[in-house]
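**Student:** Swiss-Prot lists these features:
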- Cys132, Cys135, Cys159, Cys162: Zn(2+) 1 binding site (BINDING)
- Cys154, His156, Cys173, Cys176: Zn(2+) 2 binding site (BINDING)
- Ser94: phosphoserine (MOD_RES)
- Ser95: phosphoserine (MOD_RES)
- 1-16: region 'Required for ubiquitination activity' (REGION)
- 1-29: region 'Disordered' (REGION)
- 4-61: region 'Mediates interaction with TRPS1' (REGION)
- 36-39: motif 'SUMO interaction motif 1' (MOTIF)
- 46-49: motif 'SUMO interaction motif 2' (MOTIF)
- 67-70: motif 'SUMO interaction motif 4' (MOTIF)
- 132-177: zinc finger (ZN_FING)
Amino acid sequence: MSTRKRRGGAINSRQAQKRTREATSTPEISLEAEPIELVETAGDEIVDLTCESLEPVVVDLTHNDSVVIVDERRRPRRNARRLPQDHADSCVVSSDDEELSRDRDVYVTTHTPRNARDEGATGLRPSGTVSCPICMDGYSEIVQNGRLIVSTECGHVFCSQCLRDSLKNANTCPTCRKKINHKRYHPIYI
């Protein structure tokens with residue numbers, strides 16, 4: 001490809017090629033979509049996956065038997081009247097169907113029952129017990145297997161084996177990711 005110089009620039013320059021492309025640009029694209037005609041053959045099956053339905057989608061929420069306990073910690077207000085704890089901030093969720101029995105009514109409350117709160121905080125262990133968050137063993141299992149309860153300098157508690165194994169892979173606390181090493185934790189004697 002030879003290029004000849006002109007006063008206006010090279011004949012086969014990129015700018016000249018761009019100008020010719022723009023001059024012979026594609027025709028305007030039509031704004032309306034044209035339907036494609038499908039030709040059915042004897043052996044082919046056509047499956048419509050567009051899911052265009054004229055009826056609205058209805059989700060039935062009346063038959064959900066699952067219960068979710070949400071623990072919202074609120075500070076008590078001064079001079080606030082003390083309400084009974086059972087149903088103070090609760091509402092009844094029931095079906096609009098009169099035919100269904102009333103024993104299916106569910107109380108929804110912002111307060112968590114004391115026994116559910118204790119189980120939710122530390123698994124199935126009551127509060128005040130020590131367990132390793134990695135292997136989930138309690139104090140008695142840890143001691144029976146010859147391990148120690150250890151605490152990092154950031155205050156997190158583990159069994160000695162789990163923390164040692166964790167520090168082999170990463171020199172950080174498994175809970176808060178603060179940099180620690182094998183010299184930065186100590187046993188706790190209970």
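Note: Cβ is positioned from N, Cα and C throughout, glycine not excepted.
How buried are these features, and what lies next to them?
**Tutor:** Neighbour list (Cys135 (Zn(2+) 1 binding site), Cβ cut-off 8 Å, at least 6 residues apart, same chain): Cys159, Gln161, Cys162. In the three-state DSSP classification, Cys135 (Zn(2+) 1 binding site) falls within coil.
Taking Cβ-Cβ distances under 8 Å and a sequence separation of 6 or more, the neighbours of His156 (Zn(2+) 2 binding site) in its chain are Pro133, Cys173, Pro174, Thr175, Cys176.
The average pLDDT computed over the region 'Mediates interaction with TRPS1' (4-61) stands at 64.
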**Student:** Take the mean position of the Cβ atoms of Cys154, His156, Cys173, Cys176, the recorded Zn(2+) 2 site. Which other residues of that chain put their Cβ within 8 Å of it?
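**Tutor:** My list of surrounding residues reads Thr152, Gly155, Pro174, Thr175, Arg177, Lys178, Ile180.
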**Student:** I need the CA-to-CA distance for Cys132 (Zn(2+) 1 binding site) versus Cys154 (Zn(2+) 2 binding site), whole Å please.
**Tutor:** 15
**Student:** Identify which of the binding-site residues Cys159, Cys162 has its Cβ surrounded by the largest number of other Cβ atoms within 10 Å, counting every protein chain shown.
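**Tutor:** Ranked by Cβ atoms within 10 Å, first place goes to Cys159.
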**Student:** Please give me the CB contact count at 10 A for Cys132 (Zn(2+) 1 binding site), counting all chains in the structure.
**Tutor:** 22
**Student:** Where does Cys159 (Zn(2+) 1 binding site) sit in DSSP terms: helix, strand, or coil?
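**Tutor:** Strand, per DSSP.
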**Student:** Reduced to three states, what secondary structure does DSSP give Cys154 (Zn(2+) 2 binding site)?
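**Tutor:** Looking at the DSSP assignment, Cys154 (Zn(2+) 2 binding site) belongs to neither helix nor strand, so coil.
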